[in-house]
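Structure first, then comments.
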Amino acid sequence: MTDYAGAIAFLGQWGRFQQVVFFLLCASIVPNGFGAFTLVFLADIPNHHCVVPDVNLTDDWLKSIIPVKVVNGEQELSRCSRYRLDVVRNLSAQGLIPGRDVNLTDLEQEGCVDGWSYSRDIYQSTIVSEFDLVCSEQWKQPLTSTVFFLGVLFGSFFSGQLSDRFGRKPVLFATMAVQTVFTFIQVFSVSWIMFTILLFINGLGQMSNFVAALVLGAEILTSNVRVLYSSMGTCLGFVVGYMMLPLFAYFLRDWKSLLLALSVPGLAYLPLWWFIPESPRWLLSQGRVEEAEAIVRKASKWNKVQAPRVIFKDYSVKKTESKEHHSIFDLVRKSSIRILVASINTFHVFRFFIIIFVIFVLPSFTLTTGYYSLSFNTSQLHADPYISCFISAAVEIPAYISSWLALRYLPRRLSVICTLLLGAVSLFLIQLVPQHLSIISVALEMLGKYAITTGTSLMFAYTSELYPTVLRNTATGTCTTVSRVGSCITPFLLKLSVYFKYLPYITLGTLAVVAAFATLYLPESFGRPLPETIQQMHQREGQRQAGEHVEHLAAKELDISPRS
């Protein structure tokens, strides 16, 4: 059979059909931008201290009842304790003055038994102030983000398989519906548990929508337009939503109002069902030739070109495979390295697959962990979280342009390795900057964010190029799933700064260096057509060379000689 790109070459690369698909799919990703980072504002911790009931205290005691602590060299009111109210009431009644007649350090303290008073300088309310996720309940605040990313993890895994089984288009719209509906329902949460359950379901559609749109566009578009879409188009759609988030949050400082406003735009995507087609590549992989040709013929009318009488010739060679249902295990089961592992014992097979796992997953895991860690750390960049979030989002624009240029002109492995090393160096240097030069620290962190974001964009496009059509969404979803483990640990990784301020940066930098070395053994896909079948995947020269590298590694690990 003629390859897909050759069969539809008569359409051209940038006709009306491609333009509609390109821009509508990019638009479908915009909600992912503000949905992914809503928790930056929803779960932010406002300044707070213990509530002091309306009791008969002098002004001096009202000002002194909250202990003062030194945090990072600066004095601030204690957030979780106060001096015992009954003792303070008695001292106030006696006319004693704190600090002069009474040594405050000698007074007994108690917790916030009457609740907390939250500052409204920045937010009217957040889920932290709504459900009192502070002090003894503070562990729930990072767990909230982790629950969301667990939803993203499961959604990425199952949506990929569903998309390969039932089609790209149904999964794309189903995941958009999940985001819209459950973002709206979260507004009515009456407890933290209810909120997190709904947030988990919301997360199921979050990255799943992005992956489905990415794969759908990558399969419909061809040549340089496909590279432009995969590297910059989808990502700029994401960053547009990301940059809209601080704007929404600035004017809607109540968490319920913000969620309501972010759920409404999802309704605008309903009419897109009649304009976004199913992937002809996927239809062909399922043996549905007539439906694929119908879409291409419709595209030819939109582009005002004449379609040939038969578009997809000699398709019978592929019908047997099209009726099979594939899983991610086919990549191993049908691999040329099967002969190697067949002759060794189970323990050695396990060790071999650990090697494969590290090589293919570590770069994606590291980039995802770094991306979300630096994105959720925006509160450390500037006193105003809205400006911080906008800066973090704006940095992604040059990153996505860089990834597009890299995908168009540079080998994939070289590009990913360079971005990982640039990010690592930037993060390592932050700890060397004197505290009074904080602007340099911000610049280095943003340089790290730029590098990590560029690498993340590269990996999305890179992954979609490695796998065949029959497994592309499953494989992409599986890689995304494993990488989401990194996003799940992000909230707790940032908490390491409690023990050492620069520990999160050192951890991320170290991971980036290790991932850069692992990337050396990834197969190259630059300048090669997308594989349609598993056989084509393993016949590609780049895949063959990568297999030789992996075999050599496995041979050394298993202490056997590679096959000649």
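For all residues, glycine too, the Cβ spot is worked out from N, Cα and C.
Unlike curated entries, TrEMBL annotations are predicted automatically.
Counting same-chain residues at least six beyond the ends of the transmembrane segment (20-43), those with a Cβ under 8 angstroms from any Cβ of the stretch are 123, 126-128, 133, 141, 144-145, 148, 172, 176, 179-180, 183, 202, 206-207, 209-210, 213, 216-217, 220-221, 225, 229, 233-234, 236-246, 248-249, 255, 258-259, 262, 265-266, 269, 272, 275-277, 302, 375-376, 378-379, 385, 389, 393. According to TrEMBL, the feature transmembrane segment maps to 20-43 (among others).
Per TrEMBL, domain 'Major facilitator superfamily (MFS) profile' is recorded for 87-527.
The transmembrane segment annotation in TrEMBL covers 142-159 (among others).
Long-range contacts of the transmembrane segment (228-252) within its own chain (CB-CB distance under 8 A, at least 6 residues past either end) are made by residues 22, 25-38, 40-41, 210, 213-214, 217-218, 221, 258, 261-262, 385-387, 389-390, 393-394, 396-397, 400-401, 403-404, 406-408, 457-458, 460-461, 464. What TrEMBL lists as transmembrane segment is 228-252 (among others).
What TrEMBL records for 258-276 (among others) is transmembrane segment. Here the transmembrane segment (258-276) has Cβ contacts under 8 Å with residues 20-21, 24-25, 27-28, 30-31, 34-35, 38, 41-42, 169, 172-173, 176-177, 179-181, 183-184, 186-187, 216, 245, 248-249, 252 of the same chain, all six or more residues outside its ends.
What TrEMBL records for 339-365 (among others) is transmembrane segment.
A Cβ distance under 8 Å defines the sequence-distant neighbours of the transmembrane segment (385-407), meaning residues of its chain 6+ beyond its ends; these are 33, 37, 40-41, 44, 122, 227-228, 230-232, 235-236, 238-239, 242-243, 245-247, 249-250, 374-375, 378-379, 415, 446, 449-451, 453-455, 457-458, 461. The feature transmembrane segment is assigned by TrEMBL to 385-407 (among others).
TrEMBL lists 414-433 (among others) with the feature transmembrane segment. Counting only same-chain residues 6+ beyond the ends of the transmembrane segment (414-433), those with a CB under 8 A from a CB of the stretch are 363, 366-367, 370, 403, 406-407, 440-441, 444-445, 447-448, 451-452, 454-455, 458-459, 462, 501-502, 505-506, 508-510, 512-513, 515-516, 519-520, 522.
Marked as transmembrane segment by TrEMBL: 502-522 (among others).
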Rounded mean pLDDT for the residues that make up the domain 'Major facilitator superfamily (MFS) profile' (87-527): 80
